[in-house]
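A.B. asks: Pasting a structure below so you can have a look.
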């Protein structure tokens with residue numbers, strides 16, 4: 001017998017599973033007082049998580065979706081019994097046209113509603129009903145932040161190697177020119193019977209004066225001729241410009257964080273080959289990239305490239321079995337996990353090491369909703385109450401609770417390097433200390449060589465009989481040594 005408009009199906013009977021549904025028809029008013037609804041869910045942080053799991057007692061749950069469900073329960077006056085989907089899936093249509101996961105639980109009328117991070121899709125809406133969305137849905141990329149590379153010679157970064165090489169070559173060139181001009185000035189002074197004393201009379205002293213001017217330490221130099229004034233004036237101007245440019249660029253290098261993630265968008269991800277990426281196999285995100293990547297009307301080739309990598313070997317190479325596995329894989333590095341922005345943002349915000357970040361947020365018209373049985377009389381009532389919660393600001397309060405904007409991890413930072421401009425770390429100045437240490441060691445080595453060289457010359461120039469007389473107890477027998485030898489014998493004055 002066919003059903004009339006007044007007839008409705010209350011329950012079904014199965015020889016193995018028994019009665020599915022209730023034989024008592026309920027007339028709905030403005031609330032659900034006295035009702036106890038069966039709710040099926042899937043664990044997904046931070047939407048649904050286990051709060052307590054005491055042996056022998058029903059599990060208690062917490063999360064964003066649970067807060068929404070509790071608010072609806074308080075508003076409408078119903079109670080609920082919640083259980084997890086046996087297979088832990090949201091719901092996918094199988095080859096035999098049946099559905100698994102929470103959608104399958106609703107179709108088989110084992111649950112009145114399903115709530116978690118379940119997205120509203122056309123395929124699911126064809127077999128179940130959905131309430132109004134209580135949160136927008138988009139896809140993001142969870143990726144490990146690039147590690148800060150320690151460069152002890154970062155203080156040389158403002159100029160490249162070619163600039164430093166030219167500066168190093170300019171110092172001796174200018175020094176040689178000053179030495180030549182000084183010699184010319186000396187010849188002119190001799191011809192005019194004028195005596196001029198200059199600190200740059202030797203080549204090494206001229207180079208030393210040029211180097212001192214470059215490091216802004218001055219240096220005495222007689223610049224009596226117009227030519228030398230032009231040379232020194234040009235060199236001082238050159239030094240001023242170089243030092244000013246170095247100081248300004250060094251400040252930018254030390255205060256502005258230049259370590260950045262080269263992958264910022266889906267386009268960047270599709271064009272590179274170093275980082276592998278994927279999503280959960282047979283999930284809504286998987287189907288999303290499949291639809292976008294295989295759409296011949298899609299003008300942008302980005303999704304086609306992404307789908308080519310995601311679907312490699314039917315998703316076995318780059319995809320994972322569940323979101324938790326994808327998050328763990330992304331934290332290890334060299335892998336980008338494509339998943340719901342809400343889920344991966346929570347994973348990034350609660351990461352102990354703040355080592356991951358979320359990039360490439362896509363715009364989607366989908367959202368998260370509460371799934372109900374097809375033809376459920378509760379749909380409009382749930383949708384109305386969700387809109388009221390949204391207008392009252394309760395949903396924003398729940399979002400701030402689970403996705404705090406002022407959390408311990410900064411989602412706007414794409415690197416582990418600190419950008420607060422506070423005290424510089426030791427490795428930033430390690431190169432300077434290395435230069436100082438090399439200079440000190442080189443000075444000690446040169447001093448030792450000079451002492452050895454002078455002592456060796458004195459040993460050769462001192463007469464043989466004079467060397468034997470040094471052993472005498474009388475100081476009168478000590479011979480007169482050459483001037484350069486006396487300075488190498490510090491014990492001579494104490495005899």
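Placed from the backbone N, Cα and C atoms, the Cβ positions cover glycine too.
Just so you know, TrEMBL annotations are computer predictions that nobody has curated.
These came from TrEMBL, pasted as-is:
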- 119, 124, 340: L-glutamate binding site (BINDING)
- 354-409: disulfide bond (DISULFID)
- 36-405: domain 'Ionotropic glutamate receptor C-terminal' (DOMAIN)
- 46-108: domain 'Ionotropic glutamate receptor L-glutamate and glycine-binding' (DOMAIN)
- 263: site 'Crucial to convey clamshell closure to channel opening' (SITE)
- 290: site 'Interaction with the cone snail toxin Con-ikot-ikot' (SITE)
- 161-184: transmembrane segment (TRANSMEM)
- 196-215: transmembrane segment (TRANSMEM)
- 235-256: transmembrane segment (TRANSMEM)
- 429-453: transmembrane segment (TRANSMEM)
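Structural setting of the listed features?
C.D. replies: The 10 Å shell around the Cβ of residue 340 (L-glutamate binding site) contains 26 further Cβ atoms across the protein chains shown.
According to its DSSP assignment, residue 409 (disulfide bond) is coil. Long-range C-beta contacts of residue 409 (disulfide bond), restricted to its own chain and to partners at least six residues apart, with a cutoff below 8 Å, comprise 348, 349, 350, 351, 354.
Across the domain 'Ionotropic glutamate receptor L-glutamate and glycine-binding' (46-108), mean pLDDT in this model comes to 90.
Cβ environment of residue 263 (site 'Crucial to convey clamshell closure to channel opening'): 141, 143, 269, 272, 275, 336, 359, 360 lie under 8 Å away, each six or more residues apart in the same chain.
Long-range Cβ proximity for residue 290 (site 'Interaction with the cone snail toxin Con-ikot-ikot'), meaning a same-chain Cβ under 8 A and a gap of 6 or more residues, is found for 307, 311.
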A.B. asks: Fewest other CB within 10 angstroms, which one of the recorded positions 119, 124, 354?
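C.D. replies: Across 119, 124, 354, these recorded positions, the one with fewest Cβ atoms within 10 Å is 354.
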A.B. asks: Counting by DSSP secondary structure, give me helix, strand and coil numbers for the domain 'Ionotropic glutamate receptor L-glutamate and glycine-binding' (46-108).
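C.D. replies: Within the domain 'Ionotropic glutamate receptor L-glutamate and glycine-binding' (46-108) the tally stands at 20 helix, 16 strand, 27 coil.
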A.B. asks: Sort residue 290 (site 'Interaction with the cone snail toxin Con-ikot-ikot') into helix, strand or coil using the DSSP assignment.
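C.D. replies: Note: residue 290 (site 'Interaction with the cone snail toxin Con-ikot-ikot') is helical by DSSP.
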A.B. asks: Looking only at 119, 124, 340, the residues listed as binding L-glutamate, what is the longest Cα to Cα distance in Å?
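C.D. replies: The two farthest binding residues have Cα atoms 18 Å apart.
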A.B. asks: Can you name every residue in this chain, apart from 119, 124, 340, with its Cβ inside 8 Å of the center of the Cβ atoms of the recorded L-glutamate site?
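C.D. replies: Counting only non-site residues, the set is 90, 117, 118, 120, 121, 137, 284, 366, 368.
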